[in-house]
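Step one of this worksheet: look at the structure below.
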Amino acid sequence: MVASSYFLLTVLLALASSQAIASDPSPLQDFCVADKYSPVKVNGFACKDPMAVNADDFFMAAKLDEPRNTMHSKVGSNVTLINVMQLPGLNTLGISIARIDYAPLGENPPHTHPRATEILTVLEGTLYVGFVTSNPNNTLFTKVLNKGDVFVFPQGLIHFQFNPVHDKPAVALAALSSQNPGAITIANAVFGSKPPISDDVLAKAFQVEKGTIDWLQAQFWENNHY
């Protein structure tokens with residue numbers, strides 16, 4: 001009787017675990033090229049018919065070796081992200097890549113990637129980078145990176161990169177552990193939401209006058225992802 005009860009408990013735990021896991025731990029086929037036109041709604045994209053797949057589904061002439069324009073960015077950076085939206089072959093593979101160009105004194109402002117860890121490599125120049133841990137400690141970890149240096153930003157944590165050099169640009173390459181990592185730029189989300197968050201809410205949250213919040217909300221919070 002004890003053995004039977006133990007077996008039943010094991011089966012129930014296994015079933016509960018299988019319901020809790022939203023996806024398989026590894027791919028069940030060679031690839032699942034995104035079919036962006038499929039009416040099927042899944043967490044990601046449905047698979048394109050494998051017989052219709054060709055090499056172009058895994059290729060994009062991104063020219064990530066070419067400098068990007070940072071002159072039109074108020075924050076002085078330009079993020080060129082290659083994810084599943086541009087490269088269908090990335091679907092289900094859990095990876096994407098980005099080139100980030102920084103003007104002198106330019107920055108990629110504090111932001112998070114809700115679905116990915118990021119590993120950053122400096123290709124040219126110098127960057128001051130960092131991330132902040134979650135509540136309650138909110139510890140700041142920072143480092144100055146030079147050409148060839150690597151730094152990791154854990155998934156979901158607020159992080160930034162800043163070019164401290166006033167007369168030279170910088171370039172970095174980032175790899176992210178998601179086909180669609182997402183980006184939430186903190187200032188844009190808080191002060192540039194549509195419709196705007198109530199200034200009563202933000203004034204209380206930031207412990208400032210409502211006039212300060214109104215001024216911040218009136219600014220143009222641009223997206224530096226092009």
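One is the number of the first residue shown, and numbering goes on along the chain from there.
The backbone N, Cα and C atoms fix where each Cβ goes, and this holds for glycine too.
Note: TrEMBL annotation is automatic and uncurated.
Summarising the annotation, TrEMBL assigns oxalate binding site to Asn108, His113, Glu118. For Glu118 (oxalate binding site), the same-chain residues that are 6 or more apart in sequence and have a Cβ closer than 8 Å to its Cβ are Val152, Phe153, His159, Ala174, Ala175, Leu176, Ser177, Pro181.
What TrEMBL records for His111, His113, Glu118, His159 is Mn(2+) binding site.
Its Cβ taken as reference, Cys32 (disulfide bond) is surrounded by 21 other Cβ atoms within 10 Å in the chains shown. For Cys32-Cys47, the entry in TrEMBL reads disulfide bond.
The feature domain 'Cupin type-1' is assigned by TrEMBL to 62-214. Across the residues of the domain 'Cupin type-1' (62-214), the predicted structure has a mean pLDDT of 97.
Annotation comment: TrEMBL describes 1-22 as signal peptide.
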Extra residues within 8 Å (Cβ to Cβ centroid of Asn108, His113, Glu118), oxalate: Ala98, His111, Thr112, Ala116, Leu120, Phe153, His159, Ala174, Leu176, Pro181, Ala183
Residue from Asn108, His111, His113 whose C-alpha is spatially nearest that of Cys47 (disulfide bond), among the binding-site residues: His113
